[in-house]
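Asker: According to TrEMBL, the feature site 'Important for substrate specificity' maps to 12, 72, 155. The active site, proton acceptor annotation in TrEMBL covers 71.
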Ligand SMILES: Cc1cn([C@H]2C[C@H](O)[C@@H](COP(=O)(O)OP(=O)(O)OP(=O)(O)O)O2)c(=O)[nH]c1=O
């Protein structure tokens, strides 16, 4: 039996992976998420997902382990990378940029074994309605934006701000389920 691990602290990723019937263990793989100078959003998100998966693999001893890592960033309509907000002012800045406009959510997935790395970046276009200053302040008070890239959670209160989505809903929440199944199957086949 191939042992599958999810290198993530995110409760959303755990729930999404459970949703598709995968049996797995959780490992802690904290990495430095600071972008390199001149790094593009695409390069950043794939590098971080891969580093999380590799850091997870380094913590387990079984030779045939398969480890999943993932990272989500929001890319504003102006092309700025939004991770998790530092504070209310940061969340205000992000949500004002997303208001009444379309942004991209990039979730990269990396599946690693001792021999190989598979990775994929899933890009979803999300359109928001107008967010007033009062709406943003009230939303911050819910606590929902605090630990989420771009200062929102589509699966929560912010679902009511989204008037259009093109791409993968599960990727926006934190793990692209179709792509996860595809890459996991490749990795599992390779170790058996
Ligand atoms: C845009 C968006 C992000 N998010 C979440 C997904 C991720 O958990 C988080 C982005 O931060 P990440 O750094 O990708 O992940 P994480 O720190 O929560 O977990 P780990 O690195 O241990 O795997 O934002 C939502 O839950 N809903 C959304 O709509």
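Cβ coordinates come from backbone N, Cα and C, glycine included.
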Asker: I want to verify one value. Collapsing DSSP to three states, which class is residue 12 (site 'Important for substrate specificity')?
Answerer: helix
Asker: May I ask which residues of the same chain, at least 6 positions away in sequence, place their Cβ under 8 angstroms from the Cβ of residue 12 (site 'Important for substrate specificity')?
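Answerer: Residue 12 (site 'Important for substrate specificity') has long-range Cβ partners 155, 173, 174, 175.
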Asker: Which one is it: of the recorded sites 72, 155, which Cβ has the fewest other Cβ atoms within 10 Å in this structure?
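Answerer: The recorded sites 72, 155 were compared, and 155 has the fewest Cβ atoms within 10 Å.
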Asker: Should residue 155 (site 'Important for substrate specificity') be counted as helix, strand, or coil on the basis of DSSP?
Answerer: coil
